[in-house]
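What TrEMBL says about this one:
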type	residues	note
DOMAIN	152-179	domain 'C2H2-type'
DOMAIN	178-200	domain 'C2H2-type'
DOMAIN	205-233	domain 'C2H2-type'
DOMAIN	265-293	domain 'C2H2-type'
DOMAIN	294-321	domain 'C2H2-type'
DOMAIN	322-349	domain 'C2H2-type'
DOMAIN	350-377	domain 'C2H2-type'
């Protein structure tokens, strides 16, 4: 009797699970369709344009293979070539895949030509004022970006970033739809969470460079990055498979080998151009914003970076910590030591025309020539005195 009842209860439980799963699937389908309809409405009724991402030579079009380092050019391309086209988003079938990056620079409603500041406001505007299909009852998987500033700024909190990748990662702070139960990190969609969760899986992970073993993939990757991958070539060319140690070398290769446009970031204050966003930001902070976060502990003078401060502190301490390995002389700064090393490493460049002695440093040569001049002046005065004395005797 007990066994039959148990089997019957088990069957009911399985039947309930199947029903619950079917209901979950139906809910997911409804959410996906609402997401798609929101995207269709935004692309059709505003000048917002989708972005596939940023890699290789720059920002990538969602519709075709067009790429450019300038997001403004991508927006022009999308509005001209793919206006009101939402076809790529139609391939989304699951909630896990729902995510769309969208450029809302100079956002406006195409129906009434009204400038609107944020994505949230334009969604409410289209629904309320123009009765367009817009579903505000689902988690937002449409991520806004603005590109009307010198630097990459978050469209929601104005925080600045050097790279689009870092800005994209930051956006999860505003769209924390899913959270990792192991580390608390947030994600916009389920697929990103699942990909991340693999890093926490327990197992046996062997370093690719040494025999060391780790219990998680994340520990192994961190070990490889810190100990084995210093100076490794991680920047891949946007046109071929060649890799480089840094962005500057990658950009130089793309320009010289593939004819890519030279990346140029202009300073609005002085017009000086730079080959990276990071260099421009450093220049602006240093010379225009006059940021001086490092202060001398002796006199309080501020400096932009630690190296500048260290060179200054030497003036207070007079500590000679740079030693010549050839003659054992000590110097206050590395620059002074390098100048001294020319004596040992280079050929003499300054020659005394009077005695033939040679010198490395111009200062030493001038001092030597001056000494000869003083000696010659002394001899001339002595001869003059002798002649004058003889004249007085015979007078």
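Backbone N, Cα and C atoms are what each Cβ position is placed from, and that goes for glycine too.
Unlike curated records, TrEMBL annotations are generated automatically.
The listed stretches are 152-179, 205-233, 350-377; of these, 152-179 has the most Cβ pairs under 8 Å to the domain 'C2H2-type' (265-293). The average pLDDT computed for the domain 'C2H2-type' (350-377) is 80. Cβ atoms under 8 Å from those of the domain 'C2H2-type' (350-377) belong to residues 339, 342-343 of the same chain, restricted to positions at least 6 beyond its ends. Broken down by DSSP into helix, strand and coil, the domain 'C2H2-type' (294-321) contains 12 helix, 4 strand, 12 coil.
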